[in-house]
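K.L.:
The following feature annotations were taken from Swiss-Prot:
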type	residues	note
BINDING	ARG41, GLY42, ASP95, ASP96, LEU97, VAL98, ASP99, THR100, GLY101, ASN102, THR103	5-phospho-alpha-D-ribose 1-diphosphate binding site
BINDING	ASP96	Mg(2+) binding site
BINDING	ASP99, ILE142	guanine binding site
BINDING	ASP99, THR100, GLY101, ASN102, THR103, TRP141, ILE142	GMP binding site
BINDING	ASP99, ILE142	xanthine binding site
Amino acid sequence: MGWHSNREFFVSWEELHRATRELARRQLPAEQYKGIIAVSRGGLVPAAIVSRELNIRVVDCVAVSSYDHTEQRDDLQVMKDVTATEDGEGFLVVDDLVDTGNTMKFLRERLPKAKFVTVYAKPSGMEMVDDFVADLAQDTWIHFPWDMHLHYIEPLAGQES
């Protein structure tokens, strides 16, 4: 059964960058971290921005999937595990969005000493992260800039019928 959204939220590259820089600012001082763990794929871009802003060069990645394009699944698939740490101590786990919280709950069990942050958070998953920048309604489908294609739109003038 497919997941249906009543609302849509479109994020531009500029908006994402601004929100992620704010997320990074909240994580200062940077010296408290040994490295960053990006949650692939959505957390890759935010993790790169956080890495740059905090001047942290050690960046690992964990690939966990709970989505199949537009449908959320209950089962999680680990496609690449973390190699930089065993318990997450001193690491900042970065993702784009916490939705149901299933992915973050799963990662918290594996990395109990890490700090977990996301750019966006929905009510069902908020308690699974330590910090986030903006909250969204649970029934909102978020469109990230890497999921969209830019195209030309005809001006309104001349389209009157």
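Residue numbers in this text run from 1 along the chain shown.
Any Cβ shown, glycine's included, is placed from N, Cα and C.
Tell me about the setting of these features in this model.
P.N.:
In this structure, ASP96 (Mg(2+) binding site) is part of a beta strand by DSSP.
Shown in sequence order, VAL39, GLY42, GLY43, VAL45, PRO46, THR118, VAL119, TYR120, PHE144 are the residues of the chain, 6+ apart in sequence, with a C-beta less than 8 angstroms from the C-beta of ASP96 (Mg(2+) binding site).
Sequence-distant neighbours of ILE142 (guanine binding site) (same chain, 6+ apart, CB under 8 A from its CB) are GLU8, PHE9, VAL11, LEU97, TYR120, LEU136.
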K.L.:
For the binding-site residues listed here (THR100, ASN102, THR103), which one has the lowest count of neighbouring CB atoms within 10 Å of its own CB?
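P.N.:
Counting other Cβ atoms within 10 Å of each of the binding-site residues THR100, ASN102, THR103, the minimum falls on THR100.
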K.L.:
If you draw a 10 Å sphere on the Cβ of ARG41 (5-phospho-alpha-D-ribose 1-diphosphate binding site), how many other Cβ atoms land inside?
P.N.:
15
K.L.:
What is the maximum Cα to Cα distance, in Å and rounded to a whole number, among the residues ARG41, GLY42, ASP95, ASP96, LEU97, VAL98, ASP99, THR100, GLY101, ASN102, THR103 annotated as binding 5-phospho-alpha-D-ribose 1-diphosphate?
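P.N.:
Result: 17 Å between the two most distant Cα atoms.
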